[in-house]
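> Below is the structure I would like to discuss, written out as structure tokens.
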Amino acid sequence: ASVGFKAGVKDYRLTYYTPEYQTKDTDILAAFRVTPQPGVPPEEAGAAVAAESSTGTWTTVWTDGLTSLDRYKGRCYDIEPVPGEETQFIAYVAYPLDLFEEGSVTNLFTSIVGNVFGFKALRALRLEDLRIPPAYSKTFQGPPHGIQVERDKLNKYGRPLLGCTIKPKLGLSAKNYGRAVYECLRGGLDFTKDDENVNSQPFMRWRDRFVFCAEAIYKAQAETGEIKGHYLNATAGTCEEMMKRAVFARELGVPIIMHDYLTGGFTANTSLAHYCRDNGLLLHIHRAMHAVIDRQRIHGMHFRVLAKALRMSGGDHIHAGTVVGKLEGERDVTLGFVDLLRDDFIEKDRSRGIYFTQDWVSMPGVLPVASGGIHVWHMPALTEIFGDDSVLQFGGGTLGHPWGNAPGAVANRVALEACVQARNEGRDLAREGNEVIREASKWSPELAAACEVWKEIKFEFEAIDVL
């Protein structure tokens with residue numbers, strides 16, 4: 001027994017590398033992509049990650065004797081190589097449930113990714129996936145409403161929802177901003193959206209924007225007979241100010257508000273999600289800052305982890321890449337985390353980047369939002385890839401229409417309805433998509449004009465983050 005108490009630095013793997021460990025149903029499991037410094041063996045690096053993100057410290061401390069390390073320590077229970085990468089491997093770590101505060105994504109992340117990413121023995125570290133056990137996920141409210149309740153609130157079924165980010169994102173007055181909102185909704189969109197960086201700036205204060213957008217919503221609803229919404233961005237510099245904006249939105253009677261969950265922070269986001277459920281507001285989530293965290297292949301955190309965290313913290317929509325537009329996202333990997341957002345039970349599937357089987361035990365789902373550099377020619381592919389339970393957002397693809405905003409909205413709605421109808425008739429959108437759009441444009445001059453403008457535009461770059 002005295003071996004453990006010799007002074008100085010000890011090997012982590014003595015305590016924290018336990019290949020014989022059988023994971024428990026209540027454990028939180030993590031898959032880390034580890035790139036150790038030269039000369040550091042994989043077992044030591046994996047054990048170091050487990051230790052530093054749970055109970056360990058760099059030396060023996062007397063107070064270890066006052067607790068049961070076996071009960072509380074993280075354990076590296078498996079290590080596997082990464083095909084084609086000699087210097088990397090995947091370390092699997094199991095964390096006992098009791099290490100984490102209930103209902104706190106903030107605490108979960110502070111423990112698992114808080115300190116260990118600056119660790120000297122590692123050249124780089126990336127959290128690829130987390131398995132959240134029902135015992136932990138059940139301590140969260142989750143999304144304020146979820147997919148089915150949202151469809152019932154909006155009375156929209158059997159098709160993706162259509163949105164549009166109002167551009168130019170900064171510089172419009174509240175009155176002109178509201179006018180653009182009205183034109184898009186009147187033309188046939190379900191939603192318009194504040195850009196993520198529209199908060200409350202000198203050229204347009206939040207209260208003025210909220211009032212003019214509410215007016216636009218009610219006018220468009222009265223004229224179309226459809227329920228309309230505008231994502232009013234409640235993100236603010238303090239939590240109190242954020243809640244004040246949410247309360248004002250509720251007083252206006254609008255259906256949906258918005259939050260930037262990474263820049264705003266998980267604590268603020270979870271508070272807002274609770275308010276939204278209690279007051280019948282839908283919550284649209286933007287992922288501004290995600291690429292700072294998730295873009296590098298060898299370091300940071302994969303977006304699927306940020307997506308799972310959002311489902312626990314709470315949001316009804318979240319931006320999830322497009323597969324086809326200007327922001328990157330590899331198809332299988334994107335569909336992997338789209339399923340993690342929407343579905344109740346997701347099987348482990350390494351080809352889609354899903355390292356663990358995830359059971360959400362009836363936590364409401366989140367609608368993925370495809371947004372960024374997409375236009376009418378992408379509609380068949382988007383309908384095919386994302387299916388009905390999604391929001392397709394065309395900013396420039398609506399407001400860039402040569403005839404104006406409302407015709408831009410008409411073009412998108414006609415294209416969407418044509419794609420959904422073609423799919424329901426059994427046509428193959430992947431193969432016949434362009435033909436479907438061309439046929440529809442014969443009956444819609446607005447769509448024909450849009451087809452002409454965007455016929456050649458593509459954003460073609462190799463994806464950085466491939467499996």
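Glycine is treated like the rest: Cβ placed from N, Cα and C.
Bear in mind that the values here come from a model prediction, so they are computed numbers and not experimental data.
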> If I go by Swiss-Prot, which of His317, His319 binds substrate at the same site as Asn115, Thr165, Lys169, Arg287, Ser371?
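Candidate in the recorded substrate site: His319.
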> Taking only C-alpha atoms and a 10 A limit, tell me which of Asn115, Lys167, Lys169, Arg287, His319 are near Glu196 (Mg(2+) binding site). These are the recorded positions.
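Candidates kept after distance check: Lys169, Arg287.
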> Across all the protein chains here, work out how many other Cβ atoms are within 10 Å of the Cβ of Arg287 (substrate binding site).
23
> Counting only residues 6+ apart in the same chain, whose Cβ is under 8 Å from the Cβ of Thr165 (substrate binding site)?
Thr192, Lys193, Asp194, Asp195, Ser371, Gln393, Gly395
> Taking DSSP three-state, what's His286 (active site, proton acceptor) in: helix, strand or coil?
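Where His286 (active site, proton acceptor) sits, the three-state DSSP reduction gives strand.
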> For a quick check of packing: other C-beta atoms within 10 Å of the C-beta of Lys169 (substrate binding site), how many?
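If we count other Cβ atoms within 10 Å of Lys169 (substrate binding site), we arrive at 14.
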> Select one residue from Asp195, Glu196: among these binding-site residues, choose the one with the most other Cβ atoms within 10 Å of its Cβ.
Glu196
> Which of the listed recorded positions (His286, His319) has the least company, meaning the fewest other Cβ atoms within 10 Å of its Cβ?
His319
